[in-house]
Amino acid sequence: MSEWQSTVGRLIEEAEAVVVGAGSGMSAAAGLTYTGRRFREKFGDFIEHYGMTDMYSAGFYPFPTQEEKWAYWSRHIYCNRYDVQAGKPYLDLYQLVKDRNYFILTTNVDHQFQLAGFPEKRIFAAQGDYGMFQCAKACHKKLYENEKEVRAMVARQKNLRIPSELVPKCPVCGGDMEVNLRCDRYFVEDEAWERACAGYTGFIRQNRNRRLVFLELGVGMNTPGIIKYPFWQLTDREKHGFYICINQGEAWGPEEIREKSLYVNMDIAEALEAVREVM
Ligand SMILES: [Zn+2]
């Protein structure tokens with residue numbers, strides 16, 4: 001038994017509150033990779049036509065028509081949100097924290113936490129959800145579940161286009177719809193989003209001055225302002241705060257919190273499994 005996993009296990013066990021922050025590395029460790037073989041197998045026809053290199057950049061492709069855009073996007077959503085099960089690192093994490101006082105903050109939009117059994121009231125998915133549509137111009141603050149629509153678009157697309165009658169339209173203004181992802185100023189924060197956000201800030205507030213563990217999983221430098229920097233600041237501010245960062249190749253933090261931090265530079269799936277074994 002190596003030392004780090006016992007230390008992580010002990011920190012979680014002794015914590016009065018655990019704040020989990022999860023980024024894209026967590027889902028990549030669950031097998032939901034956006035590049036390489038998985039991308040080539042699922043998007044061969046799109047790659048051939050558009051020269052796409054990965055699912056992340058493909059999401060920004062300026063499709064000339066809504067029919068072409070939704071042919072791509074419906075498959076993207078289907079692959080990453082509906083045609084998947086909970087990944088192992090999510091299930092392992094659930095076992096580690098389910099009987100504790102915890103909250104999840106995530107930039108992931110793939111619903112993996114819910115699939116793994118985490119209750120909605122303990123999750124704040126700040127950047128949106130693949131499973132929701134919104135008005136592209138945010139003319140009203142409501143989100144629409146899209147499973148039925150997405151499945152139909154996937155089933156009926158041909159030659160990289162969906163039939164025009166399947167193009168989603170805003171029920172209020174009649175304009176285009178968009179996936180509820182934070183990528184421009186039109187991102188819709190509905191009541192459930194506001195509630196989750198308040199749940200997160202309330203959790204931090206209620207647990208001030210307690211033994212707080214900030215467990216960061218797979219957060220890169222893409223949007224560090226949402227999880228990473230706040231976790232560093234909170235660890236620094238909180239007398240009994242402790243920061244654990246698990247991230248292959250990117251496990252590091254500032255000098256100021258060196259005495260109250262632990263860095264695990266390895267695959268998240270392997271790391272969480274190793275911690276589970278000692279608990
Ligand atoms: Zn609208």
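Glycine is treated like the rest: Cβ placed from N, Cα and C.
Annotations in TrEMBL come from automatic prediction, not curation.
Annotation comment: TrEMBL describes 1-279 as domain 'Deacetylase sirtuin-type'. Annotation source TrEMBL lists Zn(2+) binding site at Cys135, Cys139, Cys170, Cys173.
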Binding-site residues compared (Cys135, Cys170, Cys173) - the one with the fewest other Cβ atoms within 10 Å: Cys173
Cβ-Cβ distance under 8 Å to Cys139 (Zn(2+) binding site), same chain, at least six residues away: Cys170, Val172, Cys173, Gly175
CB-centroid shell, 8 A cutoff, Zn(2+) site Cys135, Cys139, Cys170, Cys173, site residues removed: Ala136, Lys137, Ala138, His140, Pro171, Val172, Gly174, Gly175
